[in-house]
Each structure stands twice: as C-alpha cells, then as structure tokens.
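Here the structure comes first, spelled out in structure tokens, and everything after it is commentary.
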Protein chains: 2
Amino acid sequence: MTTTKLEQELSQFKELLKKMKSYEEAVGLMYWDMRTGAPKKGIPARSEVVGVLSGELFKMSVSDEMGELLASLSEADKFSALGRTEQTMVTECRKDYDRSKKIPPQKYQEYVVLTSQAESVWEEAKHEADYAKFQPYLEKIVATNLEFIELWGYEGHKYNTLLDMYEPGMTVAKLDEVFGALREKVVPLLASIQASPHKPESGFLRQNFEKDKQKAFSLYILKQMGYDFEAGRLDETVHPFATGLNPGDVRITTRYLPDDVNSALFGTIHEGGHALYEQNISPELIGTPLCTGTSMGIHESQSRFWENMIGRSRPFWNRYYRDLQANYPGQFDRVAVEDFYRATNEVKPSLIRIEADELTYNLHIMVRYEIEKGLFSGAVSVADLPEVWNEKYKDYLGVVPSNNGEGVLQDVHWAGGAFGYFPSYALGNMYAAQMMRTIRKELPDFDGLIGAGNLLPIKDWLADKVYRYGKSLTPTEIITSVTGEELNPDYLVQYFEHKFGDIYKL
Amino acid sequence: MTTTKLEQELSQFKELLKKMKSYEEAVGLMYWDMRTGAPKKGIPARSEVVGVLSGELFKMSVSDEMGELLASLSEADKFSALGRTEQTMVTECRKDYDRSKKIPPQKYQEYVVLTSQAESVWEEAKHEADYAKFQPYLEKIVATNLEFIELWGYEGHKYNTLLDMYEPGMTVAKLDEVFGALREKVVPLLASIQASPHKPESGFLRQNFEKDKQKAFSLYILKQMGYDFEAGRLDETVHPFATGLNPGDVRITTRYLPDDVNSALFGTIHEGGHALYEQNISPELIGTPLCTGTSMGIHESQSRFWENMIGRSRPFWNRYYRDLQANYPGQFDRVAVEDFYRATNEVKPSLIRIEADELTYNLHIMVRYEIEKGLFSGAVSVADLPEVWNEKYKDYLGVVPSNNGEGVLQDVHWAGGAFGYFPSYALGNMYAAQMMRTIRKELPDFDGLIGAGNLLPIKDWLADKVYRYGKSLTPTEIITSVTGEELNPDYLVQYFEHKFGDIYKL
C-alpha cells in the first residue's frame with residue numbers, strides 16, 4: 001500500500017502540531033513553577049528561557065512549513081477527505097496562522113514590549129491610585145489593538161474581532177442582547193435584596209482558621225468532586241489558577257486567608273472545576289491544539305458551575321456542613337447549617353470584582369464590557385475612563401470608588417491588552433445555569449445526589465457532554481448539543497430569582 | 001563603527017548556545033518535576049515532551065549552522081582573536097560536535113532505543129538476580145561502544161575515549177597509577193581496621209526519627225553551609241540528586257529513612273556540596289555551555305568534601321552534635337559526642353557501593369574500573385562478568401555476593417551505557433583530600449572554623465578557587481591552580497591514615 005500525498009501531509013501536519021504542543025507544555029510547566037516554588041534568584045534566567053521557547057513556538061506557528069501545509073490541506077478535495085477532528089485542527093490553525101501573519105513582526109514585537117512595560121507601570125499606578133501614570137500606556141495599547149483590528153478585519157463592530165479571540169463566534173450584538181436581558185432582571189432583584197429585612201448574619205465566616213485545616217478540607221472536597229490526584233496536584237499561590245499541561249497533569253493552586261473559612265475553599269472548587277474539564281478531555285486529542293477547553297466562556301462555566309451551583313447550594317451544605325464543623329472543632333458549634341448556607345450566599349454590592357458575590361459579579365463584568373465596547377467604537381476615550389468607570393459603578397452597583405486604585409485600575413487585563421476577555425466570566429455564569437437546567441432533567445435527583453455527597457455522576461455527566469470534546473466542538477456547538485438551544489440568559493435569571501428569592505425571603 | 005565578520009559570527013554563535021542552554025534548562029526542570037511531584041498519569045505525555053525538546057537540542061548541536069560557525073571560529077586568525085572564555089566555548093562545542101557527527105544518526109538512534117530497553121530489562125534482571133536476562137543487552141551495548149570508539153578514535157587504550165567524556169584528559173595510565181597507589185595503602189589499612197579491638201558502637205544511629213525533624217535538621221545544616229535558599233530548594237525523591245538549572249536555581253533532593261539518623265542528613269550535605277558549586281558559578285557564564293561543573297570528578301570532589309571532610313569530621317560534630325541532640329529530644333541523651341563521631345565513621349566492607357563507608361567506597365569503584373578497562377581491552381568478556389565481579393570483590397573487599405542482584409547487577413550505569421563514569425567517584429575523593437591539604441594551609445584555623453560553626457569562609461574559599469570558573473577551566477587546570485600540583489592520591493591516603501588511625505586507635 002502506498003502512502004498518499006494527503007496522508008503524508010496530514011502526518012507532517014500532526015507532527016508539527018505535536019511539536020508545538022510540546023513547547024506549550026514545557027512553557028506551561030515553567031510558568032507553574034515560577035508561580036509556585038521556583039527560587040526567586042532563578043527567575044530572570046528562567047524568564048529568558050520562557051522567552052526563547054515561546055519565540056520558537058511563535059515561529060513554528062507562522063512558519064512556511066505551517067503555511068504550506070495549511071494551504072494544501074485546505075484545498076477542497078483534501079479538506080473534505082479529512083475526518084471531523086482533523087478538519088477542526090486545520091480550521092483552528094488556519095485562524096491562528098492568518099491572524100499572526102497579518103501583523104508585521106516588528107509591530108508585534110513592539111506590542112509585546114509595550115504590554116510588558118504597561119503591566120509594570122500598571123502595578124505602580126494601581127498602588128499609587130495614579131491613573132495619569134498608566135493612561136499613556138493604555139492609549140497606545142488601545143491604538144495598537146485598533147491597528148491590529150484593521151489588519152485582521154472585522155464584521156460589524158470592531159470589538160467583535162477581539163471577542164472572537166476568547167469566545168469564538170461571540171459578537172457585540174449577542175452580548176448586548178444577553179447582558180441587556182440579564183441586567184434588566186438582576187438590577188431590580190438586587191434592589192429587592194437590599195430592601196429585604198431578612199439579611200444573613202455572616203460574622204462567623206471570619207474567625208481564625210489554621211492553614212493546614214483549610215488545606216485538608218479543600219483537598220477533601222476536591223476528592224469528592226472527582227478531581228484525580230494521580231493526574232494533578234494542589235499548590236499555593238498568590239493568584240489561584242488551574243493549568244492543564246496534559247490531561248494526565250492538570251494542576252491547581254489556591255490561596256489561604258487566615259481569617260476566612262470560604263476563600264480558599266471556593267477558590268479551590270472553582271479551579272477544581274476548570275481542572276475537571278482538562279482532566280477529562282478525550283485522550284485521542286492529546287498532542288493536538290484541540291486538547292484544551294473550547295473557549296474562555298465554556299471553561300468558566302465549569303468553574304462557576306462547581307463553585308456556585310454545586311458548592312454554594314443548600315444540598316451541598318446539608319451534606320458537607322457536618323464535615324466542615326468537624327474540620328474546625330468548636331468554631332461552628334453554634335452556627336446552624338441554614339445560617340451557614342445563607343451567609344455563604346450573602347449579596348452585597350462592592351467595588352472589587354474578584355471579591356464580588358455570585359449575583360453582583362455579573363454587573364462588574366457588564367461595566368467592563370460597556371467600556372471596552374465604547375473604547376473600540378470610539379464612543380469612550382481612554383482619558384475619560386475613570387469618570388466613565390465611576391459613573392457606571394454608581395449606575396449598575398450603586399457604589400463609587402474612592403480612588404482609581406479601587407476603580408478603573410483594579411484589574412490587570414487591560415495592561416496586558418486582554419480586551420474581550422471580561423465577558424467570558426459572565427458568559428460562564430449563563431452557560432452554567434443553562435446546563436444546570438438540562439442536567440436537572442437528565443439526572444432528576446440532582447439535588448439528592450449532591451445531598452448524598454454523590455457528586456461523581458454529575459462529573460461523569462459533564463465529562464460525557466462537555467469535557468471530552470475539548471476544543472473539537474465550538475462553544476455554540478457545545479451549548480446547543482448539551483441544552484438543545486443557544487445561549488439563553490433566562491436560565492441564569494431564573495436561577496438567581498429562585499435562589500436569592502428564597503434566601504432573602506422575597 | 002562597523003561590526004566585523006568575527007563579531008557577527010561570535011554573536012550568532014553565542015545566540016545559538018544560549019538557545020541550546022534554554023532547551024537544556026527546560027528539559028532539566030521537566031526531569032526535576034517528574035522525579036519530585038509530577039502526577040503519575042501525566043508522565044507518558046511529559047516524557048514525549050522531553051523527547052521532542054531533547055531531539056531539537058541534539059539537532060541544534062549538530063546543525064549546519066553550528067558546523068559552519070565552529071569551522072569559521074576555529075580558523076587560526078579568528079580563534080586567536082577570541083577571549084579565553086570564548087576560546088573554551090569553541091573548543092568544548094567543537095569536541096561535542098565532532099563526537100556527535102561521527103556517529104551515523106541511524107546508529108545513534110538505535111543505541112538510544114537499546115539503552116532505554118536495557119534499563120527496563122536490567123531492573124527486572126536485578127530484581128530476579130538473573131544475569132542471563134541482561135547479558136545479551138550488555139553485550140550489544142559494549143559492542144556498540146566499541147564501534148563508537150573506532151569512529152571517535154582513541155589514543156592508547158580504547159577506554160580512554162570513554163573516560164574523557166566524564167573526566168576530560170583522564171587516561172587508563174593515570175588511573176592505573178593513582179588507583180594502584182591508593183589500593184596499596186587502603187587494603188592494608190582496612191585490614192588493620194578490621195583487626196582493631198577498638199570498634200565503634202553504632203546501634204544508636206538506628207532508632208525511629210520523625211521525618212519532619214530529619215528535614216528540619218537537614219535544612220539547618222544546609223543553611224550553615226551557605227546554601228542559598230533564594231537560589232534553590234530541597235525536595236524529596238527516591239534517588240537524591242542536585243540539578244543546576246541556572247546559578248539562581250539549583251535544586252537538591254533527599255530521601256528520609258525512618259530508622260536512620262544519618263542517611264538523609266549526609267545525603268543532603270552531599271547534594272548540597274554539588275549545589276554550592278552550581279550556585280556560585282560566575283554570572284558571566286550564564287547562558288553558555290561553560291555554566292556547569294568542569295567534570296564529574298571535580299563535581300564529586302565538592303559533594304564529598306562537604307559530606308566527608310566537613311560533615312564527618314570531629315570538629316563538625318563537636319559543634320553540631322548539641323543541635324542534633326536538641327533536634328531529637330531524648331534520643332541521644334546517653335550518647336557522647338565522641339561515640340557519635342566514631343559511629344558515623346564506622347568502616348565495614350559490604351557488598352553495596354551506595355551504602356559503603358568513606359574508606360571502602362574507593363574499593364567498590366576500583367572493582368568497576370578494572371572490569372570496564374578489561375571490557376574495552378578485550379581482557380574481560382561480558383559473559384564472564386559475574387565471575388570476575390565476585391572474584392574482585394573477594395580480592396578487594398573480602399566479601400562475596402550471594403547472588404548477582406547484589407553483585408554485578410547492582411548499578412544502573414552499564415544498562416545506560418555510562419562506561420567511564422564510575423572512576424569519577426573515587427577521583428572526587430582524591431581531589432577533595434588534595435584540596436583540603438591546600439585549604440588547611442590557606443585557612444590555618446580550618447578545624448577551628450568548623451568547630452565554631454563558621455563554615456562560610458570555607459564556602460567562599462572554594463567559590464573563589466573552584467566554583468566561579470564553572471567549565472572555563474579543565475579539571476587539571478583547576479586542581480593544579482588550587483593545589484599547585486596535578487592529581488596526587490597521597491593526600492587521600494594520608495587523610496585516611498590519620499582519620500581512621502585515630503578512630504580505630506591503630
């Protein structure tokens with residue numbers, strides 16, 4: 001049997017992708033190491049190593065070899081002879097290749113330097129609450145992104161091109177629709193909650209909790225979720241994250257606050273949700289660019305699902321509260337499970353996104369979305385950002401920052417040029433609620449499973465419906481195949497109304 | 001000012017070396033990770049990543065670019081215009097390049113597969129004490145090495161070519177001389193020790209010692225040695241090692257035996273000695289192939305110096321025994337410091353190299369050296385190895401293995417094709433004793449410094465004389481510049497006679 005030209009090219013293509021994935025995995029491990037336990041004096045040299053390997057990876061992604069293989073495999077007769085997964089690999093790589101090739105290398109290199117400097121400047125500016133210091137950098141970053149958008153091309157709104165990088169297929173039109181619908185319900189719901197006389201008492205969440213005990217309980221819950229410790233590990237960092245190096249090595253990190261019983265726990269469950277996704281990707285996708293979550297939004301749906309819809313649910317605490325009490329002897333003797341559940345779900349508008357509760361979190365995202373949209377339509381200028389920020393916070397959340405450090409400067413995303421990323425967080429909440437509606441139909445005793453501490457059937461269901469596909473299905477294909485319809489914000493609204501209506505006796 | 005052709009080539013050469021060093025560092029981190037905490041299900045994919053990056057590294061080392069740069073920079077007029085360090089870089093790379101280029105790629109690939117299989121087979125064979133199972137693999141490995149030696153060329157003894165890979169410049173003639181001199185004195189010394197009625201009691205070294213306490217004491221001693229924890233870390237592994245990823249990141253590992261107070265401690269000091277070397281290489285060598293120890297023998301001299309000449313010295317225990325007693329409350333109340341010191345230096349011929357005492361260790365090495373020499377001169381056949389091994393053990397150490405598992409199959413080295421490596425261990429002991437003789441002259445209160453727990457001047461002396469040069473001086477240049485003469489086994493003999501004559505009251 002002779003090998004056809006197609007087979008040869010396909011094999012060469014897969015070899016190249018596997019090589020690129022190898023570099024990604026090596027770089028991923030170096031990042032994990034730098035953030036967990038790498039000795040600080042080794043960091044400068046290590047950063048250069050990361051730079052060298054990332055540079056080589058980029059070169060491969062825009063190499064003539066890649067270009068020729070993609071051109072050839074995209075020819076109609078060859079493409080149609082490929083399997084479904086192989087087609088997606090070609091399409092995905094072609095998208096990255098075209099995007100990278102359209103930027104002049106010199107321009108791209110300048111942008112990398114710019115964002116790297118901007119991140120340092122942002123750190124100082126945030127610390128000093130000095131927006132003027134950061135403003136010229138942000139202006140350049142926005143201007144460069146506008147140039148890139150012109151080179152990349154766009155349909156409809158310029159911002160669509162950026163959104164598509166994090167959530168393939170997402171548009172301003174769609175986000176305006178779903179965020180509009182969400183806001184329309186969330187804002188009055190928040191008002192009712194604030195007016196309710198039935199507010200939870202939450203002081204007991206703030207006591208002194210030994211780190212070892214916090215860690216032991218976090219590990220226990222991870223195990224309950226079906227996180228595979230033979231394919232991962234839990235470490236400590238300043239900023240928690242999950243990193244899927246390969247499906248057999250998906251690591252998570254958390255941060256222990258000495259006076260907060262929930263912070264590390266829910267942080268761990270959140271990252272654990274991301275990790276379950278990456279641990280359960282089908283082995284046949286290993287070594288391909290499809291061996292990762294399909295989008296930031298779908299990824300976030302899994303972390304949020306486990307964190308909020310399971311971890312902050314009443315049946316969860318009906319089952320696990322006794323274990324938490326036993327873990328902290330004497331510290332929760334006088335706290336009833338219902339009081340703990342309500343405290344854990346306290347809603348309170350605040351200034352800082354990452355500390356926000358489940359409900360108001362979405363409003364923090366909408367503020368950023370409106371601003372980003374305005375920056376790329378020209379409706380908002382970088383100079384006006386602090387003012388716009390403060391107005392929108394007052395409008396959406398009813399709170400106003402006392403300075404720009406806790407206002408417009410609070411997030412690192414813009415310093416790194418990550419415009420279009422923020423919406424993923426709220427999309428994740430919507431996807432999660434929509435999936436929960438389906439899972440409740442297909443596993444009718446959903447609450448009973450949680451209440452019995454039987455979480456594995458839930459993990460298995462998600463693995464079967466979502467995780468195993470990795471990036472071989474688009475976000476829209478995933479949400480449609482799982483729930484039977486496209487993204488619909490109503491399920492999140494219904495979930496909120498039901499949950500908080502109950503907690504606040506509305 | 002125009003850039004000359006030489007400057008251009010030199011800059012391109014350094015760029016290529018820095019790139020190669022980056023790959024080495026990434027691979028080094030992946031190895032460290034696999035041996036310390038990597039989740040086991042991720043290992044197969046990680047091994048492939050290591051394979052891909054190592055393959056790329058090898059390709060660079062034999063690339064046309066490397067060949068052309070080396071050829072050009074080796075031209076007499078250009079070479080003479082280079083600085084001393086640059087010349088060494090060219091010479092070192094040329095040596096590796098020539099060696100690699102002389103082996104047909106197909107042959108080399110087959111050898112990699114052969115040794116990889118042989119290591120698995122060896123593990124089983126050792127476990128089952130079944131030499132016949134391993135013999136055909138070892139025959140092929142020796143035969144292939146003989147073919148390689150023909151391709152590489154050799155001067156005098158064929159084995160010289162292998163020795164040179166681990167200890168540049170070392171020869172059979174030199175080893176015969178120094179090992180002969182050493183054996184001539186060590187064997188009768190051992191006989192006197194065995195005949196001495198003054199044997200130390202050592203039962204108290206075997207009690208139950210909590211792992212956390214062992215770790216705390218190991219960390220304390222490392223700190224005393226001047227190991228920089230901002231440029232390293234201590235982890236746990238089955239087989240302890242040190243790995244210098246860059247001078248700012250030199251990690252060590254150890255193994256805690258629950259019933260042995262010394263094993264982890266001396267293992268840590270040993271690896272700490274290796275690490276001090278790597279941590280103190282001059283920063284200007286970072287990113288070059290000279291940023292590592294100059295040879296296996298000189299590297300081992302530093303681990304042995306710290307482990308034996310300092311860690312197993314009387315002044316060391318006069319200072320640190322009280323800390324050890326405090327670390328294990330109640331466990332050494334009735335043991336006098338002198339008894340602890342003597343127990344820690346007990347000499348007892350045994351079958352297993354890695355468990356041998358300081359004195360007899362060298363005899364284990366000589367057995368292996370004699371066998372390797374015979375294999376490559378044709379005087380010994382692979383089929384005869386078990387018999388030869390047992391005879392030599394009887395002859396050198398007076399003990400005979402009861403089976404091949406604790407005999408000829410005990411070490412992994414030959415399965416991996418590492419012929420020529422073993423002598424480094426004994427060379428390290430000789431270099432170390434020779435350096436100690438010099439340090440005692442230059443720091444006249446050497447014992448007093450140790451006795452006062454003032455180890456840093458010793459570390460600084462070694463850093464200044466040895467460590468900072470990395471591989472920019474040859475082993476012979478190092479030992480000559482430090483001690484004023486070439487390798488001389490007499491100093492190790494004198495050290496042994498003095499130390500054990502005292503302990504055993506000879």
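Quick reminder: no glycine exception, Cβ is built from N, Cα and C everywhere.
Binding of Zn(2+) is attributed by TrEMBL to A:HIS270, A:HIS274, and the same site annotation extends, among A:GLU236, A:GLU300, to A:GLU300. On the backbone, the CA of A:GLU300 (Zn(2+) binding site) and the CA of A:GLU271 (active site, proton donor/acceptor) stand 9 Å apart. The 10 Å shell around the Cβ of A:GLU300 (Zn(2+) binding site) contains 26 further Cβ atoms across the protein chains shown.
Every protein chain shown contributes to the tally, and the Cβ of A:HIS270 (Zn(2+) binding site) ends up with 23 other Cβ atoms within 10 Å. Counting Cβ atoms from all protein chains shown, A:GLU271 (active site, proton donor/acceptor) has 26 others lying within 10 Å of its own Cβ.
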